[in-house]
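Asks: Heads up, here are the entries from TrEMBL:
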{"type": "BINDING", "residues": "B:N270, B:I271, B:C333, B:S334, B:D335, B:G336, B:W337, B:D338, B:R339", "note": "substrate binding site"}
{"type": "COMPBIAS", "residues": "B:586-602", "note": "compositional bias 'Basic and acidic residues'"}
{"type": "DOMAIN", "residues": "B:125-497", "note": "domain 'Myotubularin phosphatase'"}
{"type": "DOMAIN", "residues": "B:302-346", "note": "domain 'Tyrosine specific protein phosphatases'"}
{"type": "REGION", "residues": "B:539-562", "note": "region 'Disordered'"}
{"type": "REGION", "residues": "B:576-622", "note": "region 'Disordered'"}
Amino acid sequence: MEFAELIKTPRVDGVVLHRPFMPTVEGTLCLTGHHLILSSRQDNTEELWLLHANIDSTEKRFVGSLGTIIVKCKDLRVIQLDIPGMEECLNIASSIEALSTLDSVSLMYPFFYRPLFEVIEDGWQSFAPEESFRDLESMTDEWRLSEVNKDFSVCPSYPSLLTVPKDIDDESLCKAASFRHGGRFPVLSYYHKKNGMVMMRAAQPLTGTNGRRCKEDEKLINATLCAGKRGYIIDTRTIAVAQQAKARGGGFEQEANYPQWRRIHKAIERSNVLQDSLIKLVEACNDQSHSMDRWLSKLEASNWQSNVKEILTTACLAAQCIDREGASVLVHGTEGTDSTLQVTSLAQIILDPACRTIRGFEALIEREWLQAGHPFHQRCAQSAYSNGKPRSEAPVFLLFLDCVWQILRQFPCSFQFNENLLIMLFEHAYTSQFGTFLGNCVAERGKLQLSQKTVSLWSWVNRPQELERFLNPLYEPNNLVIWPSVAPQSLLLWEGVFLRWNRSTKCLDEAYQEMVHIIEYNKELQNKVNSLRRQLAQLETEDKMVADLK
Amino acid sequence: MEHIRTPKVEQVKLLDRFSNKSVIGTLHLTATHLIFVESNSTSAQEIWILHHHIASVEKLSLTTSGCPLLIQCRNFRLVHFVIPRERDCHDIYSSLLRLLRPVSYDELYAFSYNPKQNDQQREEGWQLIDLAAEFERMGVPCDQWQLTDVNREYKRLPPNICIGLVKSVVPHLLCFYNVLRGGKRLYLFVSCLQAAVCRCSQPLSGFSARCLEDEHMLQAISKANHNSRYVYVMDTRPKLNALANRAAGKGYENEDNYSNIRFQFVGIENIHVMRGSLQKLLEVVGTRSLSMTDYLVGLENSGWLRHIKAIMDAAIFLAKAVTVEGASVLVHCSDGWDRTAQVCALGSLLMDPYYRTIKGFMVLIEKDWISFGHKFADRCDQLDPDPKEVSPIFTQFLECVWQLTEQFPQAFEFSEWFLIQIHEHVHSCQFGNFLGNSQRQREVLQLKERTYSLWAHLLSEKQNYLNPVYSPSFAESHPVLEPSTQACHFKFWRNMYHQYDRSMHPRQSILKQVLTFKESNRELEGTVQALKTKLQKFGVSTSPLKPQTPPRERSLPPRPQSLILGAPLLSRKEVQQEEDEEVFGEEAREDAPASTDGERTVEGSSATENGYGELTGSFGSKNEPAVVTLEFGVARMTC
């Protein structure tokens with residue numbers, strides 16, 4: 001298919017662009033296969049360069065022959081284009097509509113994007129499972145790397161290499177897989193070096209109404225317990241939801257069959273509820289006419305902050321079981337691809353200082369989200385402005401980022417990265433020129449040949465020029481477990497994302513710059529003192545030598 | 001001392017407000033403080049509570065472990081003791097009841113507090129803030145305004161209402177003064193446009209009364225300003241309240257009688273509504289295991305942020321009228337000492353960068369709050385109070401300033417700790433500044449001779465209150481602050497209302513960190529200079545270091561030891577370190593870096609303290625010592 005077929009009017013002059021907190025720009029609007037471009041054709045004037053894929057929804061309005069298109073983006077920005085001429089406006093609107101809702105993945109921009117920078121380190125190769133297994137091997141010999149899922153037949157959403165207990169053979173794994181939703185049998189998620197406890201993740205067991213059991217599954221997870229020790233199963237659903245799941249063939253681990261495990265139910269919402277929550281939150285944030293009462297009640301009604309609190313609490317609970325109770329943990333919800341990953345990845349940020357570095361955080365996202373089979377393509381197809389019927393869209397990843405931001409706010413000196421990295425990841429998860437977040441699982445990405453046909457986000461982020469923007473000047477590495485507060489008073493609305501386009505950040509940015517300046521000046525002074533000391537010491541020894549000679 | 005029956009009780013348990021944690025210690029009762037000293041000798045935490053800070057003491061019903069005593073403080077601290085013997089508990093309780101209700105001013109702490117200063121130092125402390133100089137700074141007197149001492153004897157104005165007219169400043173027209181206005185107080189702010197902000201109380205207009213002198217006076221205010229043909233009159237009350245006042249012979253200006261005014265209601269609620277609002281807010285945020293829904297609904301129902309926004313809106317209206325239209329504004333409410341003080345002070349802060357400095361902020365409080373007679377004694381419950389007079393009016397003002405510091409991080413020379421510290425001392429009665437209800441009362445009490453000034457104390461530890469990212473040049477680019485008043489930009493001030501609930505706080509403070517860097521920069525600059533001087537002796541010339549900050553005094557003031565009396569900024573960390581065995585402060589990290597894979601958490605935050613969820617049925621295996629589970633309070637149930 002040619003993109004040109006979809007572009008009815010490629011160019012319109014005299015278009016006026018309105019954006020909140022920015023001066024209006026008048027210029028020429030151009031449509032290309034992947035971009036909407038507005039150029040004033042003057043130097044020094046900022047141009048709009050918007051990916052069609054970033055457009056969540058559009059609205060048209062007409063006053064006489066002047067048409068107005070309101071473009072609502074997946075990064076939550078809302079812009080307005082005034083287009084002279086009714087026909088032009090209609091054409092542009094329908095072209096944008098068509099181009100922003102292309103179904104085929106292979107028509108996406110990442111397949112057409114050619115980097116303007118030199119790829120020094122190929123991000124597709126940066127985080128191989130073998131590498132993280134090598135780290136594990138240096139700490140314990142109780143685990144092995146299994147190739148049972150080599151052709152993705154055991155579990156389509158798992159990667160080909162999986163870390164499993166050494167004593168469990170591939171045959172048992174297959175049997176355990178047949179007992180878990182989507183074949184997602186329990187695999188290692190995190191090894192806590194301090195006390196050797198582990199966190200595993202899986203999907204729900206398929207007990208059904210008649211209480212089916214699977215010896216291999218029981219053996220598999222029991223193999224992770226030390227003699228005489230017990231563990232916790234954290235089910236991210238309430239007991240009622242878990243009970244209902246039985247009717248559809250799912251269920252939860254029965255105490256009788258898993259006597260060494262204690263089950264704890266938490267209440268993390270399912271994805272369709274989360275999408276609704278996001279839509280309501282963004283609507284509340286964008287309406288600026290609110291009285292205080294209305295704002296607070298709409299914020300409350302969106303339930304977004306409640307979701308943040310629930311997810312963070314569950315992650316802290318998992319971390320607490322591992323670090324404080326000295327117990328191993330298995331986390332699962334229904335499919336094991338959403339709330340499960342939120343919990344396991346956040347728990348690692350709390351427990352493992354390595355995950356708080358830029359590199360470690362990237363590895364975490366690669367491991368716990370991309371390779372673990374979070375369906376990014378489905379979840380991030382639409383954002384808060386989608387007016388169509390939601391299919392399987394949900395801000396699962398955004399909620400995870402929000403929780404990370406909350407921890408970052410509470411421990412501003414413990415992270416190597418700053419808020420910008422989190423916002424950047426949010427943007428790229430929804431639309432990107434890079435292939436990293438395309439597809440739903442490793443198998444799909446392989447089929448799409450992403451690593452050959454597209455550029456990895458990590459190739460770009462990890463360039464020193466880019467990294468600078470994401471560095472936290474306050475970072476002081478520490479090897480500690482960081483326990484965030486989950487009291488509602490301690491959890492804030494993530495303004496950097498949700499109020500990003502509704503406020504002027506000039507004063508805040510300048511203050512941040514001043515802080516960076518103070519810290520850099522400190523380093524500079526320290527270097528200066530050191531070099532002066534050296535110089536002085538040298539002179540003093542020389543002086544002494546001269547004196548001795550005399 | 002005669003009220004203290006039991007000066008010391010041992011084996012007292014202190015319960016944490018939000019978790020199941022508790023510590024054992026000894027309770028001491030002194031003439032001025034209630035002191036709790038933790039028994040654990042290695043990490044002895046101390047809590048000092050000034051009697052004046054205690055708002056209420058409650059004896060709860062007896063439990064198996066002892067008699068619980070719940071103490072609520074005006075600085076939002078809440079402590080929960082369990083005293084083993086009921087008799088002791090009762091003694092402490094009845095002593096406190098007496099001690100926290102001083103019957104005369106002489107019993108207040110300020111009259112016994114002695115920071116080891118001589119009389120001259122004391123006097124200098126009181127001279128730090130000079131209002132005459134402040135009016136001079138504003139450009140008064142000038143051709144349009146003059147100073148008057150009409151209220152010299154505090155007589156002109158009805159004694160029951162008139163309290164704190166600044167002696168020297170009233171427009172010359174005041175000689176036409178008539179008692180029509182219930183204690184009309186005026187002051188002015190002269191902007192570059194010659195517009196003035198005046199304040200007063202409501203007119204005694206009733207349904208039809210009028211006063212020609214008052215009308216003349218407003219006309220004179222109008223004429224004094226050539227930029228605008230009219231004067232804004234802001235009635236900061238809701239219209240309904242103002243209407244109700246008419247029945248009592250009071251009310252508001254009739255626009256027909258005052259030809260040159262533009263009248264406007266602003267709608268800030270009265271002291272009773274504000275008192276109720278804060279009470280509701282504190283109830284909500286004091287709830288254990290509070291859910292997000294209850295928190296947000298509670299925040300909304302308390303109306304607290306709505307009131308804060310209303311005050312801010314009014315101040316912005318005032319600032320706009322003066323700076324954009326160049327009009328003079330007359331602000332009043334009912335009595336002219338609560339809402340009026342809030343709006344005038346906040347408006348001044350928005351318009352004049354001077355008030356955003358540490359010294360300027362002190363001047364602002366001295367001028368708009370203290371000298372114009374905000375009834376601190378009544379509002380802050382200093383002496384044998386009437387509960388109906390207590391209201392967090394000044395607290396709201398401080399919070400509005402905090403909201404501004406959040407929006408304009410570089411505009412203020414001080415950080416939020418400065419605001420919190422002022423709030424602390426408004427209630428502490430440790431210094432003389434805020435005692436009494438009016439200037440007149442303060443003179444009768446001879447405060448300047450018998451007590452010390454808070455401002456001198458705060459200035460002596462100025463380093464603790466500096467905002468590290470403050471930029472003096474910000475004032476040039478933003479002479480007038482134009483804050484956003486969108487509802488979503490108003491936040492709950494956690495560091496004020498949860499000042500003492502450390503489980504709520506961010507575990508690492510950016511403010512503290514950047515302040516440390518800034519101090520370190522100053523020291524390093526000194527070191528560089530010293531090294532260079534030494535090098536010069538060897539005949540080496542070095543390029544001069546470009547000074548990035550003007551060199552200031554390098555020695556730091558002594559750091560206060562106590563959490564309550566001292567600056568929370570630095571002592572908080574110390575206390576925290578003592579509080580939790582597992583604490584791992586920042587200094588410690590430097591000593592023992594990378595190898596710390598032990599059970600250490602940043603600044604003592606621990607899992608149980610946060611209450612992520614009850615691990616009901618934790619089952620530590622039998623062969624493992626039960627220390628962990630017991631210590632973290634989760635061994636209460638068995639599987």
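The backbone N, Cα and C atoms fix where each Cβ goes, glycine too.
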Asks: Near chain A by Cβ (under 8 Å): which of the binding-site residues B:N270, B:C333, B:D335?
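Replies: Checking chain A against the binding-site residues, no residue falls within range (Cβ-Cβ under 8 Å).
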Asks: Hey, for the substrate site built from B:N270, B:I271, B:C333, B:S334, B:D335, B:G336, B:W337, B:D338, B:R339, who else sits with CB inside 8 A of the CB center?
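Replies: For the substrate site the neighbour list reads B:S201, B:T236, B:R237, B:T340.
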Asks: What same-chain residues, at least 6 away in sequence, bring their CB to under 8 Å of the CB of B:N270 (substrate binding site)?
Replies: B:R237, B:N241, B:S334, B:D338, B:R339
Asks: Specify the count of other C-beta atoms within 10 Å of the C-beta of B:W337 (substrate binding site).
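Replies: Taking every protein chain into account, the count is 28.
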Asks: Among the binding-site residues listed here, B:D335, B:R339, which has the most company in the form of other Cβ atoms within 10 Å of its Cβ?
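Replies: It comes out as B:R339.
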Asks: What are the DSSP helix, strand and coil residue counts for the domain 'Tyrosine specific protein phosphatases' (B:302-346)?
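Replies: Within the domain 'Tyrosine specific protein phosphatases' (B:302-346) the tally stands at 29 helix, 5 strand, 11 coil.
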Asks: For the substrate binding site, please report the maximum Cα-Cα distance among B:N270, B:I271, B:C333, B:S334, B:D335, B:G336, B:W337, B:D338, B:R339 in Å.
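Replies: For the residues that bind substrate, the greatest Cα distance is 12 Å.
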Asks: What count of other C-beta atoms do you get within 10 angstroms of the C-beta of B:C333 (substrate binding site), across all chains shown?
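Replies: For B:C333 (substrate binding site), the 10 Å Cβ neighbour count is 26.
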